[in-house]
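**Student:** Below is the structure I would like to discuss, written out as structure tokens.
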């Protein structure tokens with residue numbers, strides 16, 4: 001059935017949406033399912049490993065790793081919003097999602113995504129204080145401030161996503177119940193709506209998401225401008241400290257880069273397949289890559305992994 005014919009069906013208030021995913025060929029479905037399953041397992045195990053190491057290793061009880069623990073938990077939640085449903089739909093003849101389920105998916109997807117933006121900005125601010133103000137670092141970034149920054153990141157994502165989910169929940173979908181995407185996302189729901197105020201809803205949604213994303217990115221950018229300036233002026237001691245920033249910069253580049261390409265470039269100028277690949281990159285691949293990046297590029301995390309493995313080997317010998 002073509003997309004045009006589905007969109008012409010008279011569905012006044014749809015209780016379900018039809019998701020148009022990847023290829024329906026059996027071999028392609030098997031390959032996609034195995035790939036998504038592997039990505040999800042790596043995401044869960046990798047981020048759980050990071051969280052466990054931070055809890056157990058006293059050397060990782062610092063603000064940077066406190067934020068990293070929150071980032072790992074966010075990544076688990078973020079990927080769990082979309083990947084299980086995508087896995088389920090891979091072999092389903094009818095890739096459907098209820099209206100309530102779609103709005104709920106949008107809420108949590110935006111909540112965790114927005115929270116991650118703000119948390120990445122908080123992590124950049126932490127590195128700025130550690131490198132540019134090392135003598136006052138413990139005072140400026142104490143446990144109370146770390147907790148407040150983490151709470152602000154969660155509240156910001158929750159508040160923004162609540163407004164956007166409310167906007168979507170009150171839109172009429174009288175012409176179509178088809179979403180030409182892998183999962184529910186605001187731009188595709190707005191495209192499917194027949195509301196005369198869709199343009200206004202799009203502006204409000206973009207303003208909310210853009211304020212969080214661009215605000216966080218600008219804070220990260222300003223922090224790293226100061227960091228790089230301090231490293232260039234003050235020599236080798238700061239260069240060693242700058243090495244702790246490379247993992248964070250890599251994560252920021254992946255997360256904001258894919259999201260910017262997907263949301264800033266008009267949908268009409270990119271093919272459906274490219275949009276789906278970009279969506280998978282920031283919604284699925286980035287949460288998987290974060291623990292890999294931090295474990296491979298961070299000597300303290302690698303040291304904690306070696307100690308945990310050594311401790312486990314000693315326990316097995318004793319038993």
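Cβ atoms are placed via backbone N, Cα and C, with glycine included.
All annotation found in TrEMBL is predicted automatically rather than curated by experts.
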**Student:** What range among 145-169, 170-194 does TrEMBL record as transmembrane segment?
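**Tutor:** It is 145-169 that TrEMBL describes as transmembrane segment.
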**Student:** When TrEMBL marks a stretch as transmembrane segment, which of 2-27, 28-53 is it?
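**Tutor:** Matching range for transmembrane segment: 28-53.
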**Student:** Among 277-296, 297-316, where does TrEMBL put the label transmembrane segment?
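**Tutor:** That would be 277-296, per the transmembrane segment entry in TrEMBL.
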**Student:** Which one, 28-53, 106-125, 145-169, 245-265, 277-296, has the most C-beta pairs under 8 Å toward the transmembrane segment (207-233)?
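**Tutor:** By Cβ pairs under 8 Å, 106-125 leads among 28-53, 106-125, 145-169, 245-265, 277-296.
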